[in-house]
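Novice: Take this structure first; my questions come after.
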Amino acid sequence: MRDGETKNSAIAIIGMALNVPGAENLEEFWDNLRNGRESFGPLTDEELNELGLDHTARQNPDWLVVRGFPKNPKDFDAAYFGIPPNDATLMDPQQRHLLECAQNAFDDAGYDPLAYDGDIGVWAGAGTSGYYSEFLEPAFRDSPQQQFASIILNDFHFPATRLAHTLNLTGPAMNVATACSTGLVAVHYACQALRAHECDMALVGVSRINPGAYSGYPRMEGMIYSSDGHCRVFDSRADGTVFTNGTGTVLLKRLDRALADRDNIRGVILGSAVNNDGNVKLSFTAPSIDGQEAVLEEAYRAAGVDPATVSFIEGHGTATLLGDPIEVHALTRVFRRRTEEQGICRLGSVKSNIGHLEVAAGVVGLIKAVMAIEKQEIPATIHFERANPALDLASSPFVVNDQLEPWLSELPRRAGVSSFGIGGTNAHLVLEEMPKQRTAPSRRQRHLLPVSARTAHSRDAMLAALEQRLTGSDLNMADVAFTLQSGRRSHPMRAVFSATTCGGAAARLRDGVAGAERPVKTEALSLWMFPGQGSQYVGMARGLYEEEATFRAVFDQCANRLLPLIGVDLRSVVFDVQASAEVLNQTRITQPALFTVEYAMARQLQAWGVEPVAMMGHSIGEYVAACLAGVFALDDALDLVAARGQLMQSLPAGSMLAVNAPADSVAGYLGATVCLAAVNSPEHCVLSGPHEEIEHVRVALEAAGVPARRLQTSHAFHSAMMEPILAQFAERVAAVPRQVPQIPFVSNVTGSWIDDEDALDPAYWSRHLRQAVLFADGLETLCAAYPGDVLVEVGPGTTLSQLAGLHRCAQEQERVALGRHPRDQHPDGQVFLEAVGQLWVSGVELDWNSFYDGEARHRVSLPAYVFDRDEFFFREASQNGNGRRYDFHPLLGQRHKSALSHPEIQFDATISTWNPEFLLQHTIFGTPLVPGACYVEIALTVGKQMLGTDHVMVSDIVFQKAIPLPRNTECQLQTVVVPESDGSLRMRLFSLPLTEGDSEGRPADWEEHVSAVIRAAPTTEVADASAELHAWRARLTTPVPHSELYDPQRIGFQWGPAFQSVKQAYVGEWEILGRIELPAFLDWEFADFFFHPSLLDGCFQLVGRAVPLDVLPGLILPTAAERIVVHGPVPKQFWCHITGRPEECSKQGITLDLRMVGDDGREFARIDRFLELASSQSTLVEAGARVNSWYHQIAWRALDRATLGEAADAFQLVLFADRGGVAEAVARQ
């Protein structure tokens, strides 16, 4: 590489990804190239069957059943990108594959685009969407709403902005379209933008995916298609290409910036050029030797290198009679101006392996060239046997290798990559290898490797891929850890382990690394616990001092401050394994040593981004909490801790006794000198006092069958023996400044949250020395305030974690101990690192970027995210009467078969207050609520789609719960349908809020809302109600003012314009007649629904007017209906007549019958025994406006006694009950 201008303008390739025939990732791709595999070919029997073709299709001499696709091209991990299932189904597979490959390119580079602090540009291209033209456009021709949505999700104008929006790329977002040269043209312009500092990184992504009913291509002599289904590039038998499908992405950065950022530089783009042939050629589609020669000359001029130093050309290589000779002659002209040597440059094309990817061909060719430079091998161009004579290769600088060759070179390896588009846009770029960068050693011996994914399946697949990558690898282990920590997004399903070498990491992975069995609690909080005296041991935290800079600096700061106060250097006392435990166990040394270790551990945690939300300490440990909370400055805290230890050691010796019994049960053994020193759990306490008296108590307890043991302590802490020093210690506390705590912590004295008065009061801290440690009460306080969060023991040993495990209140808390137990033989650094990793697995977020502060770590290429895909494909359903195809519905969504129950059918849709838009306009007490009319519409559409009829009957429908839609949130609807043996369908509707969880961080659960039975309605029930309509209109003449119908103050309901479908209403006694019309602005979406919810909700709005005011309960909500029958099509305007059933109406609820009649007199719908029950504002507002009551009513049906036989005289009724009381109430009634 030249110095100066060229070096400054060079572009580094730092990330790559692809998904092409035969290879989902770079490793599989290179393996196929090395082994000379062809990754496309004849359709299998299974593929022929899927396309509806029989095996005779292969025998058609005029048709070649050949194609090339990535594996499962219809599959997509929509949930990873937060894309609703409806949108994923409509989205062009090219955009889906671009999203996945783009994310994988960032993974390969070691960057999370959502966390990158800089501008990332994107240049993208995709082919014409065959998915839209073949499947979506015909289905949505009469549905403007779905047609618009599908255009946005499929049009070639939007791939770049789709990537930018989904991945938060804030640089330029440009779509490129130059046919087959699209990919390299996009790379060229991305490089230009980087040089102009328009962005800090540039993503280039191109895709050609058409997963339609592609069954091959016609055999046409003299055309661009291969006559035998093979791509014989540069061969004498070459007569055409095979068009295939695939995606490729590369991530680029300015070379100087990539070097400074210590990126994994896979290759360097020295220069590139783009031009067009103009019209000096045979035709618009023909290539031009002059145009290609010109672009080559310009590319090498821009790169500043002699073409004769290039030893590999990845050619366009379409294997056509016209294209191959022109390409080789243009290359020969350019090289011959610099050299007369022959056979100095290898020439090949990846199209021989994977076919012609059209717009994606250039980028995948670039990836091949980069990998050849990295691997120092040149793959064979397969199917090459004898050169096409028209190429005149024998007298050219080029050789086509027919087998894998080592790439030997004394100079830096250089390659050229060409791509030429139909229409004449040409591109060529020049690559050079990047010398391997030296990486520095790490201060740590052991490193933490986190792996996470959205699902357990993806996480486990990533662990397996990582094991393969690290086996036999010479990667620097610190760089591997740094890349996994800083370069990957944290997902809910997590696993973590530590290792010192790549081989050791691979071995750990082979042995199995256990991941979390359930998703982490989002942003779990950490609750810090600091242990007290008795947890110390010689050598505690020694590994942290040796390896962690923050811990060492803080420990040194404390030790230096304490040296003149306690007369010893804590470093020699604590870390020297030859030191005597007797010195460390002296109270005057123990307490400062514990404080220093715990405080330094806490500061190390904070350096890694972990902060406590609350704290508690055990005895001396409370001083660490107070210092971190800001009550004492560090120097003042150290002075107090040293003074406390010295004063306590100056007292007469005493003993302490651990008792396995509740504190209340030992009250009879307490006295003036024997005191309760600690309550550690409901079944464990500690007594303290003079030696002889404690021994007497121990003997008495053992005689009573109560286990008790003497503790190894020098004094009777937290007893009356401490009283001589209380006043003196209070004076010492009064002499130092004190501040109110900034972080809440629990008091040992009270077992509850410390208040500002106690925290500032010197008398509190002297009482703290004397009174019992109420650890059990304190733990209850902590867990009650933060249920499900993480208890972190910050200090040596595991004492407090073990004590917490004895508490029922802490069973739902994760418990993590940072310190090594003295009998644990693992190094301190390993225990501490893996404990911090466990915090992350438990949901505590870390600042991974800080883990290697002060070290020059490099990003390395590691396996990319493994997506957990589902199939999203719009399939044509059976046509209804008007010829419209139904397979997608705004509320019902996409249909799937369930993997759990064979006959079960599942529909998934995502709704929100903006999709469908009318949902925002149906609110109760200010909260948008999904109308009951939508539930009915879903049931009717299920019947229409699955029974293939416009005549649908829904019976025994029960509205169990309402679905609130808080603004700016989404909700997934899942409709589960089970076909019954009698031809009916049993339907249940569920919802799942697509949020982070409830107010306490718990993940949302599925809730059931509706159940119903659906059948085809007899067509004989269609009635002419012209006479009845005439009678209703003559009888009901008292109008209801429109302003009164939609009074915004009316009992909490607010209907926006989309739901103001009642145009006229006339009321009588126990009946009402309403004129229902679809608002004109909803005409465009009318065809998307069977019974548009605006129309049906208008009918429901009239219900309350059909009964006298003295009977009306007030706020009522749809609850159930015995039978709903609809004979489609439903008109846009009609009359609705409602009659109440006085005998079934009360303040608890009302029952009515509804009939809908068109202007032609046809009764197209009716609802029998429609039940609405009373509700209240508090019921709706509580829990985010969820209506959680289950409703039932007693309804007696007349039965013929003769048909019952003996069952009329005696029967048994079995009720399945929970503890909610509903079953008991039913039994009483």
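Using the three backbone atoms N, Cα and C, a Cβ is placed for every residue, glycine included.
So TrEMBL says this about it:
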- H922: active site, proton acceptor (ACT_SITE)
- D1097: active site, proton donor (ACT_SITE)
- 8-433: domain 'Ketosynthase family 3 (KS3)' (DOMAIN)
- 889-1181: domain 'PKS/mFAS DH' (DOMAIN)
- 889-1021: region 'N-terminal hotdog fold' (REGION)
- 1037-1181: region 'C-terminal hotdog fold' (REGION)
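Looking at the shown structure, can you explain where the listed features end up?
Specialist: Around H922 (active site, proton acceptor), a 10 Å sphere centred on its CB holds 25 further CB atoms from the protein chains shown. In the three-state DSSP scheme, H922 (active site, proton acceptor) falls into the strand class.
When Cβ atoms from all protein chains are considered, those within 10 Å of D1097 (active site, proton donor) total 25, not counting its own. DSSP assigns D1097 (active site, proton donor) to a helix in the three-state reduction.
Taking the domain 'Ketosynthase family 3 (KS3)' (8-433) as a whole, pLDDT averages 93 in the prediction.
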Novice: Do you know offhand how many angstrom separate H922 (active site, proton acceptor) and D1097 (active site, proton donor) by C-alpha?
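Specialist: H922 (active site, proton acceptor) and D1097 (active site, proton donor) have their Cα atoms 10 Å apart.
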Novice: How do the residues of the region 'C-terminal hotdog fold' (1037-1181) split into helix, strand and coil according to DSSP?
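Specialist: Grouping H, G, I as helix and E, B as strand yields 37 helix, 63 strand, 45 coil.
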